[in-house]
C-alpha cells in the first residue's frame with residue numbers, strides 16, 4: 001500500500017493506493033490533532049461524511065459516524081458464539097475503544113482487558129471519540145498499555161472466553177501478531193470452548209497475506225472461518241476477519257441465539273438474521289480457504 005498526501009491551505013487529501021488499479025481519496029476538511037508518537041503518525045481529521053476520523057500512518061482506521069460497520073461484527077459475533085455467562089475477554093489493540101464499547105453492551109461480559117501498544121492513540125481517542133470515557137466508567141473494563149504479544153505470557157492457561165485482535169492490517173509476513181509463536185500463545189490462554197476473532201484484510205487484494213496466515217492458524221486451531229465484513233468506507237468496500245477456535249462446533253451459526261441482536265441496545269448494522277449470514281460462507285470463500293488449507 002502506498003499513501004500520498006496533498007496538504008493544501010484549506011484541506012488535506014489522502015490518496016490510498018492498492019496496486020495500479022485501485023485508489024481511494026479521503027478529503028479532510030478540518031484537522032483536530034496531528035502528531036507522531038513513538039510508534040506511528042496519528043491524525044484526527046473531520047469531514048461531513050465521516051465526522052471525526054482516526055488516521056494512523058496516513059491510513060484510514062475508523063470514524064465516529066461509521067464505526068459500527070466494523071466494530072459491531074468484531075465484538076458481537078464472538079459473544080453470540082460463546083453464548084454463556086461470566087465471559088472474560090481480551091482485546092489486543094483496539095486503542096480507539098470501539099470494540100470494548102460494544103462488548104460492554106452485553107450483560108454476560110464479566111471482564112474485559114484491552115492491551116494497546118501505543119498510549120498516545122489511547123489519549124487521543126479518549127479526547128476525540130466518545131467510546132473511551134464510556135468504557136472507563138464501567139468497572140468491568142481494564143486498560144493495559146503495552147505489548148499484547150508479551151501480555152499473553154502473564155495470563156493463565158485456558159483462562160479466556162474471547163480474544164479479539166483489533167490491530168492494523170497484518171500485511172507484513174513477519175509481523176509478530178501473525179507469527180507462529182503468537183498463535184501458540186493464543187492457543188495456551190483461550191478456553192477449549194472459546195472463540196478468537198482477528199482482523200486480517202480483504203482476501204481479493206491481499207490473498208498473499210492469507211497464504212501464510214491461514215496455514216499458521218490451522219496448525220493450532222481445528223475450527224477456522226474467514227468472514228467478509230462490509231465496511232462502506234474501506235477501500236474495497238469490506239474487510240476480512242478470521243474466526244478460530246479449538247472446537248470447530250463453536251463457529252456454527254446455530255450457536256447464536258435466535259433473538260441475540262434484538263437484545264443488544266442501539267445496534268446499527270446487525271440483525272438477528274444477518275449476523276448468522278457472516279458464518280455461512282459463500283462458495284468463493286470456501287474455495288479460498290481450501291486453497292490455503294494445510295493437509
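Placement of Cβ uses the backbone N, Cα and C atoms for every residue, glycine included.
Residue ranges 221-244, 245-268, 269-292 are listed, and TrEMBL annotates 221-244 among them as transmembrane segment. Among the candidates 41, 96, 138, the one that TrEMBL lists alongside 71, 166, 167, 168, 169 as binding spermidine is 96.
Going through 72, 116, 180, 181 against TrEMBL, the one listed in the S-methyl-5'-thioadenosine site together with 40, 147, 148 turns out to be 116. Taking the centre of the Cβ atoms of 71, 96, 166, 167, 168, 169 as the spermidine site, the nearby residues of that chain (Cβ within 8 Å, site residues left out) are 61, 62, 70, 93, 94, 199. Neighbouring residues of the recorded S-methyl-5'-thioadenosine site, listed in sequence order and excluding 40, 116, 147, 148, comprise 39, 92, 93, 95, 115, 117, 118, 146, 167 (Cβ within 8 Å of the Cβ centroid). The CA atom of residue 71 (spermidine binding site) is located 9 Å away from the CA atom of residue 166 (active site, proton acceptor). Here the CA atom of residue 40 (S-methyl-5'-thioadenosine binding site) lies 16 Å from the CA atom of residue 166 (active site, proton acceptor).
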